[in-house]
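Student: Quick one: the structure is below, and I'll ask about it shortly.
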Ligand code: ADP
């Protein structure tokens, strides 16, 4: 089974590509979704987060106040590192469990939808790394117009990620999403051909 890492800067269209590949029948392991699931009420990861960042982050129903955690964890790199040290191993373990399940189900390929694939060096564990590429200014426009982010927020989030040149250098396949979505679909079809071939 081929492990296919799918990544791209925020606003590049990575989720759009993941949806297209899911529609083609490929199993998709979504790292962001796993990141949310490991912090569901009652989870051991959530308990550890509460230990380190404050029990008041958990409300009466056992749910996490994500906004407040973000405020406490992302203000200082040292705090961010502490949070990552708790969450990243759990995300990694759950991702690997899902890859194994896809392999056991006889899948030909599994898609790993992971924004930080290159940032964390996980591209080295993939058989193929696919990078969705869009100029940063256009990504900002799409994040503002289509996802309702404030422009400074969009730029700040882009600045937190690995730079485009580094991400592109890790790519085996580059999907250029500067054009319209129809052009994206054509390139995804090509990728599907490669994965099925
Ligand atoms: P990511 O997952 O990489 O952050 P998304 O897939 O959510 O990015 O795409 C960001 C936004 O841009 C979404 O609203 C999406 O519908 C839109 N989008 C994706 N591809 C294109 C395109 N080629 N042209 C215009 N908008 C696009």
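Yeah, the Cβs are placed from backbone N, Cα and C, and that goes for glycine too.
Keep in mind that what you see is a predicted model, and the values were worked out from it rather than measured.
Positions annotated as ATP binding site by TrEMBL: 11, 12, 13, 14, 15, 16.
In the displayed structure, how are the listed features positioned relative to their neighbours?
Tutor: Under the three-state DSSP scheme, residue 15 (ATP binding site) falls in the helix class.
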Student: Select the most exposed residue of 11, 13, 14, 15, where exposure means the fewest other Cβ atoms within 10 Å, treating these as the binding-site residues.
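Tutor: Checked 11, 13, 14, 15; of these binding-site residues, fewest Cβ neighbours within 10 Å: 15.
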Student: Among the binding-site residues 12, 16, which residue has the largest number of other Cβ atoms within 10 Å of its own Cβ?
Tutor: 12
